[in-house]
């Protein structure tokens, strides 16, 4: 059952469940809403690297920190098309692209729409992560055929000031609402391991589950500490705590894809299998996610074979504009 009225205490009660009971409950919810043993596979490209004016304390691309990152200007349409073809070859059915900037500028909008069209021409779903977005920009992206827009809340409203101060929590939610109003599917999740408490994790999931519409994709990132950022020395989140968060996300947002995102490259096969048992049913493929390492395609193929998992197929690979 889809709910949009979760309380913090209800979410915390799920986190407090005995681990085996929680996993059993989450898996039961999962198989009621998705085909068991299917995982959606997405690829991610950085179309503009570095010099971001935001001060997100975890991010290698922030201009506020000296991380030694090589900066790169906006990609060309041909570069995006080539990357999309490669993503399809290694098994992706969704191609996501992200830019290190605060918000989408109108001067770049037409080129971004061309990126979407190039991706769709390869028979892939498209997803963009371009920072804050105005309603009219979202509508233009919808017209170009964009399927998904990613804009994470990162953490709880209460802990947020410890993560970033150049963008408010409400500004993040406003972008999510603009995307939903334009009719684009939302991809929205957060990052674990930034020093937040269990209550913060529960609060973040309550925020997501109480949106007017649940995000169709919920990426759960495991912090990859980057040298030169304020969070470079953060201890890694406990594996069981991470899996618990996956399970609670699955229960609270039963029809959403729960994605293992950043940090998966450092997870053992057993850890990934446990996450999938708890309800994770989407991954990023490719050896790099923006600026952090990811699992190799051959490792993913071996894992899928060991677990008897098959990639799911995209449901919207044709532009809505083409269908009109």
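Each Cβ is built from the backbone N, Cα and C atoms, and glycine gets one as well.
What you are looking at is a predicted structure, and each value in this text was computed from that prediction instead of being measured.
Marked as domain 'Radical SAM core' by Swiss-Prot on the basis of sequence analysis: 37-264.
Per Swiss-Prot, [4Fe-4S] cluster binding site is recorded for 52, 56, 59. Cβ neighbours of residue 59 ([4Fe-4S] cluster binding site) (same chain, under 8 Å, six or more residues apart in sequence): 52, 65, 226, 229.
Spatially close to residue 259 ([2Fe-2S] cluster binding site) yet at least six residues away along the chain are 40, 42, 189, 217, 218, 219, 220, 280, 282, 283, 284, judged by Cβ distances under 8 angstroms. According to DSSP, residue 259 ([2Fe-2S] cluster binding site) sits within a strand segment. Summarising the annotation, Swiss-Prot assigns [2Fe-2S] cluster binding site to 96, 127, 187, 259.
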How many other Cβ atoms are found within 10 Å of the Cβ atom of residue 187 ([2Fe-2S] cluster binding site), counting all protein chains shown?
29
If I take the alpha carbons of residue 127 ([2Fe-2S] cluster binding site) and residue 56 ([4Fe-4S] cluster binding site), what is the distance between them in whole Å?
22
Euclidean distance between Cα atoms of residue 56 ([4Fe-4S] cluster binding site) and residue 187 ([2Fe-2S] cluster binding site), Å:
19
Could you state the CA-to-CA distance between residue 56 ([4Fe-4S] cluster binding site) and residue 96 ([2Fe-2S] cluster binding site) to the nearest Å?
21
Same chain, not part of 52, 56, 59: whose C-beta falls within 8 angstroms of the C-beta centre of the [4Fe-4S] cluster site? Give them in sequence order.
54, 55, 58, 60, 61, 62, 64, 100, 164
